[in-house]
Amino acid sequence: MTQTAIHIDNLTKQYDNGRGCRNVQITVGQGEAFGFLGPNGAGKSTLVKMLVGLITPTSGTASLFGDAIGTVAAKRHIGYLPELYRYQEWLTGSEVVRLHARLCGLDKQTTERRIPELLDRVGIGNRGKDRVKQYSKGMQQRLGLACALVADPPILFLDEPSSALDPVGRLDVRTLLRELKQEGKTIFLNSHLLEEVENICDRIALLNNGEILRHGTVQQVLHAQTRWLFKIGGYTPEILPWLIETSGVQLHRAESLPDGERNGGSMGDEIWLEAVIDNEQQVGLITTLIVNQGMTLYYVYPVRERLEEWFMEAVSGLSHRGEQE
Amino acid sequence: MNTIIGMTWKELLRKKVMLMTLVMTVLFLVLFWFIASTLTRDVPLSPTGAVDLVAQYAKGSTLLTLGFFFGSFILAFLVIFSSFSSISGEAEIGIMQATLTRPIPRWKWYIGRWLGYVTFGMLYALLLYVSIIIVTDIHTFVPGNLMVHIQSFLVYAMAVPILITLSLLGSTAFSALGNGVFMTMFYGAGWLGGMVEKFTSVMSLEPDIHQRLNNITGIISFLMPVDALQRKMMAIMLGFDDLAGMVEVGSSLTAGMGLGQVVSGSFIVYAVLYTVILLLWGMRRFNHKEL
C-alpha cells in the first residue's frame with residue numbers, strides 16, 4: 001500500500017481581505033505527481049506556503065509523512081521552489097546550493113559531490129561559478145530547482161517551476177520532473193502551464209476562489225470529455241434523426257471545428273457532426289451507417305480534450321480572485 | 001548557525017555598503033590625522049620648560065572626543081545600512097521563502113543573522129577604535145591604560161548589538177525602505193537628545209526649563225541609549241572618575257569636554273537588558289512572521 005506523503009485536512013487560511021483558501025482536503029500518495037490548478041489569485045500559492053511552513057493556517061491541519069506542517073521534522077521531507085524565486089545575489093550559484101545543503105545538514109563530502117551534479121542536471125553547469133546577480137531569471141529558476149533538490153527530499157513543492165524558462169528550458173524541466181517521478185519523488189506542482197501538468201501529473205485539483213472546485217485523475221477529468229468528429233459529404237437534413245435513432249448516440253452538428261472549416265446546412269453540403277462517445281465500437285457503427293446511406297465520410301477522428309480546454313470550461317463564468325460581481 | 005553567520009559575513013564583505021564604509025573610514029582617518037597634526041602643532045610648555053601635561057591631556061581629550069564623535073557616526077551607519085533590510089528586504093524579494101523552508105528553527109536563523117552582523121560590526125568597531133587611538137597617540141597624549149581601553153571599547157562597541165537588535169526588530173515590522181528610514185530617524189533622535197543634553201549642560205537656563213529638557217533627553221536616552229553610552233565611554237576613557245577625586249569637577253568638566261551628563265554604571269546594565277528584551281521580541285515576531 002502506498003504511504004501517504006501529503007495529507008491535508010480542512011486546511012484554511014483566511015486573510016482580512018477575504019482572500020486565501022478554505023477547507024482544502026487533499027491526500028497525495030508517495031511517488032504521486034499532483035497538479036494544482038487554478039486562475040491567478042485562486043489561493044494556490046497560499047496553500048503551498050502553508051504546507052512548506054511559510055505561513056500559519058487559520059484552521060485545519062496537514063502533515064507530510066505524518067509530521068505536522070511547519071515543524072523542522074516536516075521540513076526535512078521537502079524541497080521547495082517558490083513562485084517568487086530570488087537567491088543571494090552576492091553569492092555564486094555553487095555557493096547558494098552549498099548554503100542550502102548546509103542548512104539541510106548535509107555533510108561536506110556529500111555537499112561537494114552533489115553541487116556539480118545538480119548544477120549539471122538543471123542546466124547551469126559551469127555558470128555555477130558566476131555570481132547570481134549575473135543570472136537571468138531563467139537561470140535563477142534553474143538554480144532554485146537545484147536548491148530544492150539538494151537534500152534529495154522525498155517531496156517536492158514546485159510553484160510554477162518553468163514560468164521564466166524558454167521552450168527549451170521548459171522541455172528540460174519537464175524531462176527532469178519525469179525523471180524525478182520515476183525516482184519515486186512525490187511532486188506537488190502548481191502550474192499555469194497545463195500541458196506540463198497534463199504530461200506529468202497523475203491527479204489534479206482545480207482551485208477557484210480558495211475552494212477546490214474539482215479533483216480527480218487526469219484521465220478521469222478528461223475522459224468524460226472525449227468527443228468524436230465526423231466530416232460527411234452529401235448530407236441531407238433528415239439523416240441526423242435517423243442516425244441518432246439507429247445508433248443510439250446523441251449526434252449533433254459540431255460547434256467547434258478545426259481551423260479553416262465551416263459547417264454547411266443545406267441539402268448536399270459537407271457537414272461536421274460530433275458526439276461524445278466512450279465506446280469505439282459505436283464509432284464503427286456510425287461510420288457504417290453513414291456509408292450505407294450513400295454519403296461520403298471524409299474524416300473521423302477523436303478530439304482528445306486538452307487540460308487547457310477542461311480548465312477553461314471549468315472556470316468559465318465563475319468570478320475569480322474573489323471579486324464581487 | 002555557523003552557516004548563517006558565515007553567509008552574513010560573506011554578504012557584508014561583498015556588498016557595496018562595506019566597501020563604501022571602508023572608503024569613508026580611510027577618508028575619515030586621513031582627515032582626522034590632519035586635524036590632529038594641526039591641533040598639536042604647538043606643544044605648550046610649563047613655566048619650568050617641561051611639557052605641560054594638563055595641556056597635553058586637554059588636547060588629547062579634545063582629539064579623542066572629536067574622533068569618537070564622528071567615529072560613532074560611521075559605526076552606526078555601517079551597522080544600520082548593512083542590516084536594515086535583512087528580514088523584510090529578503091522577504092520582499094523572495095530570498096527568504098526558499099531558505100526558511102529548510103529544516104532549521106526560525107529562531108536559529110534570526111540569531112545566526114544577529115551574531116553575523118554583531119561580530120562583524122564589533123570587529124569594525126575595534127578597528128576604528130584602535131585607529132583613532134593610534135592617530136591620537138602619535139600626535140599627543142592618550143589617557144588611560146589597557147584595562148581602561150578595554151572597558152571603554154566595550155561600552156563604545158555596545159552600539160553595535162543595540163543598533164543591530166533594533167534594526168532586525170524593525171525589519172520584522174516595516175518594509176526595507178521603511179525600516180531604513182525608521183532606523184536613521186531613531187538614531188538621529190538619540191543623537192539629537194545627546195546634543196540637547198550637551199547644550200543644556202553649558203547654557204544657563206531657568207531651573208524648570210533645565211529640568212524639563214533633562215526629562216526629555218532622559219527619555220530619549222532610554223529609548224535610544226547609544227548616544228548616552230558614547231558619553232559614558234568617553235568618561236571612562238578620559239578617567240573622569242579619577243579626576244573627580246582630585247579636583248572639583250562634576251558636570252562642568254564633562255560639559256566642558258562636550259559630553260554633557262554622563263550616565264551611571266547602571267545604565268550599562270539597562271542597555272544590556274534593553275538589547276536582550278528587544279532581541280527576544282524580534283525573535284518572537286520573526287517566528288510568527290507570514291512570508
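Just so it is clear, glycine is given a Cβ too, placed from its N, Cα and C backbone atoms.
According to TrEMBL, the feature transmembrane segment maps to B:17-36 (among others).
Marked as transmembrane segment by TrEMBL: B:56-81 (among others).
What TrEMBL lists as transmembrane segment is B:114-136 (among others). For the transmembrane segment (B:114-136), the residues of the chain that approach it from at least six positions outside its boundaries are 1, 4-9, 11-12, 21, 25, 29, 32-33, 36, 60, 63-64, 67-68, 71, 74-75, 78-79, 82-83, 86, 142, 149, 153, 156-157, 159-161, 163-165, 168, 279, judged by C-beta separation under 8 angstroms.
Sequence annotations record features per position, and here TrEMBL assigns transmembrane segment to B:148-169 (among others).
Sequence-distant contacts of the transmembrane segment (B:176-196) (same chain, at least 6 residues past either end, Cβ-Cβ under 8 Å): 76, 80-81, 84-85, 88-89, 92, 163, 166-167, 170, 213, 216-217, 220-221, 223-228, 230-231, 260. Residues annotated as transmembrane segment in TrEMBL: B:176-196 (among others).
If you look up TrEMBL, you'll see B:262-281 (among others) marked as transmembrane segment. If you look at the transmembrane segment (B:262-281), the same-chain residues 6 or more away from its ends with a CB under 8 A from one of its CBs are 114, 155, 158, 161-162, 165-166, 168-169, 221-222, 225, 228-229, 231-232, 234-235, 240, 251, 254.
Outside the transmembrane segment (B:148-169) by six or more residues, the chain places 68, 72, 75-76, 79-80, 83-84, 86-87, 110, 113-114, 117-118, 121-122, 125-126, 129, 133, 179, 183, 186-187, 225-226, 229-230, 232-234, 236-237, 239, 268, 271-272, 274-275, 278-279, 281-282, 285-286 with a CB less than 8 A from a CB of the stretch. Residues 17-18, 21, 24-25, 28, 32, 35-36, 39-40, 43-44, 117, 121, 124-125, 128-129, 132-133, 135-136, 139-143, 156, 159-160, 163-164, 167, 180, 183-184, 187, 226, 230, 233-234, 237-238, 257-259 of the same chain sit 6 or more residues outside the transmembrane segment (B:56-81) yet have a Cβ under 8 Å from a Cβ within it.
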